[in-house]
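Working notes for the structure below.
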Amino acid sequence: MHSPFKAIFRKEWKQSSVLRRVAILLTVLLPPFVMMVAESASRGWVPMFSIKSYDVTQLFMDAVPMILVLGWAFFAALFTAQAFAGDRSTGNESFLLERPVLRSLTWRARLAAVTANGLIVLLGGWLIWLGYFLYLGDPIEGTYLKLSGLLLGVGLAVMLASICGGMAATAFLDSPMIGVLGGLLLAALPAGAAVFLGGLSPYAVLFRIDYDTFPSPLITLSRLPVGMILPVLLYPVYVAVSWFALCRGEPAGRGSRARGAKVLVPSIFGVLVLFLIMAPLAVRANVNAYMDNGRIYPSPDSSRTILTGGYMASGGWLVDTETGEKLRFFGVPTDMVTWSADGRFVAAVTHGNSIRWSSSWAPRIDLVEAETGETMASLPLSENEWIRDLVWIGEELIIVTIDHVAWEWDQKPDKAGEMVRFFMLKRGMKEGSGYLQQLSHDLPIPGPGWYDWRIYTPAAGVEEIVLAIAKDPIGLNYDKASDVDRDRSVILHKVRLEGNRLASVPTVEVPHGLSGGNYTLSRSGRYFWTVVPKVGPEQVRGLLLFDLVRGEEVDLGSRIGVFWPNWMAGDELVWVQRDKSDHVQLHSWRPEAGLNVVFDGGSDRLGLDTSPNGQTALITGYERLDDPEVPHGPGKRTGTWLYEAGSGRVVPMETEYAGYISGRFYTNWADPDTLLRSGEDGMYFESVREPGKTVEIR
């Protein structure tokens, strides 16, 4: 280390000795002062606020660390302003500039002194807090280790940010006191920008990582959007601003502000431009990465498919099924998607804004033409509106909304139904034109709760929907044994659109009620199944079937141990049946043929998924798991078969594929004759009729 460096370092260290001692002293006095304020507030002696009681240990876990972090930031800015602007304010800077000492050496010595002062105050305050905390006792064993590590890490980050901000501020300001304020403002600028930009595009995360491979801190980091990461680049920019302003240019230091501004201003705009470029790319890349864990919405004519991403990536793509070409991107998040009966239009509910990579609180309905991917109508709704359902009745799109703000503030049973509103989309011929027309109705809606009532639509083209209304609001979800005295009956209504009015006709009463989402209509809309959860002494699930035309229950005998009921073409109902000895079979019921066993799975677990038109079912066998409640799982795949509706035949598939791996389905139906498959080699469509014929999604 050279003598000039030592001399300047010692000078700065000596000048900051008073500040250093004051910082340590305030740290020692802080805990007693906080306890004194808490005690005074509990006695009503503090005019600004009062508390009923307080816990000393809790004060040391909450209030004291927060004040310490703010104090470290303030003293770091104070040390920085004193070191880089103190000599300038007293006139000594010109004397130093006339000496035969490199300005960069002076700059490094000051930075070293500031960093050393900050670390001394930080470590001293941390040790003092830790001593107080250990003296009071650890309320939960190991708490002080986690909290102390967190406090040290946050304190170090805040201290460095404050030093960087102070260095940039003192490149433009001569007064140390103003430099302190400017340094704190500049230090807070990237943090504020991170919060703003991160909230503007919360789904633009950088990369996807495996939960089983990486530690939790890295998982948390991977979930941070680019808008929260890019502003952090301004902190090293601040250091560069100070370097170019104070270490470059004329020997007398003239033009330092201009040199600093030439670095700072372009860097701020560069971060914004980089965000505008990276955010859309990150959103789309994240959606692409999670599509194997998302949902599939094939069009009725099978020419188009919508693929959406899974958790934290719920946007999606409109894809041409024949060519694999992506036609349109749906903004993140996209909550629900539904096709019109003729497949010409698709309606999607999204909270993404018009640029499709940012998001807003207010929902929006996009009506898209499937052939071109163009938006025919885009209808923003109020933030108060929660879209409950999005269904087609014939060629008309019906939107069911709930004023959730009014419901939260006025939870009165006699007014609950008033919070639910039905609208019909009225659209013109021009792109973006359209409005919502409110419909009148006589539907006996009991309230906005999800378990009070449900809407379900039969196959595309049916001119009516079915509305399930519970006599008791808990009738649609009664899994708890304590609910045995409640009325579990549910009335099923057929609902038709008559002009601008919805008319309903009660059809049948389901005495046993419905369980969550475990119910659905047959493709003709005549039959209705529901799974009754946890019945009988063995607490296994039972299957009930109702004929809505005759208004009666269909006798299926004892259907206990039921998994994956699915409707197929011709109103055929298939499901996986497991008996008491864990023997698994595939059962089928048809109106004209009754009940039959079509496949014997032995002791394996079976997965069942039907094609969009109901003509074919995909059966997947897996090794038996230890959990008897799970009929499928990540065990080794034992086989794959196809079942043709109404044929009673099960045909083995020759093509090998990845089934259920690491919690994700890697094979799903995309259209009646095509599977969507995904894996390490990408995503592609594969023909069921021509095994091996694939189309990559690009």
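Glycine too: its Cβ is placed from the backbone N, Cα and C atoms.
No curator has checked TrEMBL annotations; they are predicted automatically.
Under the heading transmembrane segment, TrEMBL lists 64-86, 107-129, 149-173, 180-206, 226-247, 263-283.
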Response to the item:
Per the Cβ under 8 Å criterion, with at least 6 residues separating them from its ends, the transmembrane segment (64-86) contacts 12, 15-16, 19, 23, 26-27, 30-31, 34, 110-111, 113-114, 117-118, 121-122, 125-126, 129, 132, 147, 151, 154-155, 158-163, 165-167, 169-171, 173-177, 179-180, 183-184, 187, 242, 246
Item to complete: Would you kindly list the residues that approach the transmembrane segment (149-173) from elsewhere in its chain, counting only those six or more residues past its ends and only Cβ-Cβ distances under 8 Å?
Response: 65, 68-69, 72-74, 76-77, 79-81, 84-85, 111, 114-115, 118-119, 122, 125-126, 129, 179-180, 182-191, 235-239, 241-242, 245-246, 256-257, 260-261, 264
Worksheet entry | Cβ contacts under 8 Å made by the transmembrane segment (180-206) with residues that lie 6+ beyond its boundaries | 73-74, 77-78, 80-81, 161-162, 164-170, 172-173, 222-232, 234-235, 238, 271, 275, 278-280, 282-283, 286, 312-315, 332-333, 357-359
